[in-house]
Every structure is written in C-alpha cells, then in structure tokens.
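Features as listed in TrEMBL:
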- Glu64: active site, proton donor (ACT_SITE)
- Asn51, Val52, Glu53, Asn54, Ala55, Ala56, Tyr57: substrate binding site (BINDING)
- Cys62, Cys96, Cys99: Zn(2+) binding site (BINDING)
- 10-137: domain 'CMP/dCMP-type deaminase' (DOMAIN)
Amino acid sequence: MSHKTNCSKEEEALLLEKCQEAKRHSYSPYSHFPVGAALLTKEGKLYTGCNVENAAYPTSLCAERTAIVKAVSEGHREFKAIAISSNLSDSFISPCGGCRQVMAEFSLDMTVYMTKADGSFLTRTVDELLPFAFTPVRMKENRLDDASTCPNPGRDS
C-alpha cells in the first residue's frame with residue numbers, strides 16, 4: 001500500500017538498500033531497537049544515519065535526524081526522500097514526532113519510505129505524516145503584537 005513517489009525505481013532501490021545497511025551501524029545498547037535511514041537530496045546525493053543512544057536518554061539521536069543533520073552540515077537543504085528500516089516484522093517503522101517535525105522543517109513533499117524487516121514498504125509524504133505542521137512559513141505569518149498577548153510582569157509598561 002504505497003502512494004506515488006517522486007523517486008525513480010533506481011533511487012527507490014538504492015534508498016531501501018542503504019537504510020538497511022545503515023541499520024547495521026546502530027548504537028542501541030538500551031532499547032535493542034536498531035534503526036537505519038537513507039536520505040536522498042534533490043541533487044541526488046545520499047546520506048545515511050542510524051540511531052545513536054545514550055545513557056542520558058534525551059540526548060539520543062534517531063536515525064532520520066542523524067541522516068538529515070549529516071546532509072545539512074554539508075550544505076544540503078532540499079530533500080527528495082528518506083527511507084527508514086528496523087527489525088519490526090509485523091508493522092512498518094514510522095518516524096517519531098520529533099523526526100517528523102525535523103523533516104517538515106525542510107520539505108512537506110518529501111517521500112517517506114517506511115519498511116518492514118522483510119523489505120516490504122509503504123510510502124507517505126511528510127505532510128501526510130504531520131498534518132498542520134509548524135514550518136518556517138509560520139514564523140513569517142502576520143501575528144498580533146507579542147507584548148499585547150503575552151504580558152511580561154517584570155517589564156515596564
């Protein structure tokens with residue numbers, strides 16, 4: 001059950017292969033839940049990532065964000081698709097809310113390939129996974145004067 005994607009069959013096959021490979025590098029000693037991701041830029045460059053856990057749980061990184069951070073750190077801002085893999089056999093791996101928000105920062109139209117351990121997958125766009133996303137466009141919208149809606153008791157009026 002997949003939607004139309006913006007990737008060629010060759011790009012799709014490469015994404016699916018590379019997200020499986022990336023999963024092998026996962027550092028997941030606490031959850032024992034390895035995840036891999038492969039991200040394709042609009043320019044055709046591929047970046048991979050895996051989840052990297054930490055004893056201080058909030059500092060852990062998801063595979064999707066690892067791949068996106070690697071790409072952004074090398075100057076890429078426009079993404080075509082991302083594929084995600086895990087060892088789940090009964091359901092498709094789905095990005096967490098934080099990863100959905102990071103994806104939305106760059107592209108609501110990006111195709112997200114969510115896989116099962118047997119290699120089957122389904123696709124959705126980021127917009128479908130995170131409807132009504134808070135995006136950079138929202139930061140530029142007209143809004144009420146912040147001082148009139150959020151009074152600061154310590155500020156002189």
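Glycine is no exception: its Cβ is also placed from the backbone N, Cα and C atoms.
Remember, TrEMBL labels are computer predictions, not curated facts.
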Secondary structure content, the domain 'CMP/dCMP-type deaminase' (10-137) (per DSSP, counts of residues): 44 helix, 31 strand, 53 coil
Additional residues surrounding substrate, by Cβ distance to the Asn51, Val52, Glu53, Asn54, Ala55, Ala56, Tyr57 centre under 8 Å: Tyr27, Tyr30, Thr59, Ser60, Leu61
Averaged pLDDT score, the domain 'CMP/dCMP-type deaminase' (10-137): 97
Among Glu53, Glu64, the most crowded of the recorded positions [Cβ within 10 Å]: Glu64
Least Cβ-crowded entry, counting other Cβ within 10 Å, from the binding-site residues listed as Cys62, Cys96: Cys96
Asn51, Asn54, Ala56, Tyr57, Cys96, Cys99 filtered to the binding-site residues whose C-alpha is within 10 Å of Glu64 (active site, proton donor): Asn51, Cys96, Cys99
Neighbours of Cys62, Cys96, Cys99 excl. site residues, C-beta within 8 Å of centre, Zn(2+): Ala63, Glu64, Arg65, Pro95, Gly97, Gly98, Arg100, Val102
Densest Cβ neighbourhood among Ala55, Ala56, Cys99 (binding-site residues), 10 Å radius: Cys99
Per-residue Cβ crowding (10 Å cut-off), top of binding-site residues Asn51, Asn54: Asn51
Binding-site residues compared (Val52, Tyr57) - the one with the fewest other Cβ atoms within 10 Å: Tyr57
Residue from Cys62, Cys96, Cys99 whose C-alpha is spatially nearest that of Asn54 (substrate binding site), among the binding-site residues: Cys62
Nearest recorded site to Cys96 (Zn(2+) binding site) by CA-CA distance, among binding-site residues Asn51, Val52, Glu53, Ala55, Ala56: Asn51
Which binding-site residues sit within 10 Å of Cys62 (Zn(2+) binding site) - Cα, from Glu53, Ala55, Ala56: Glu53
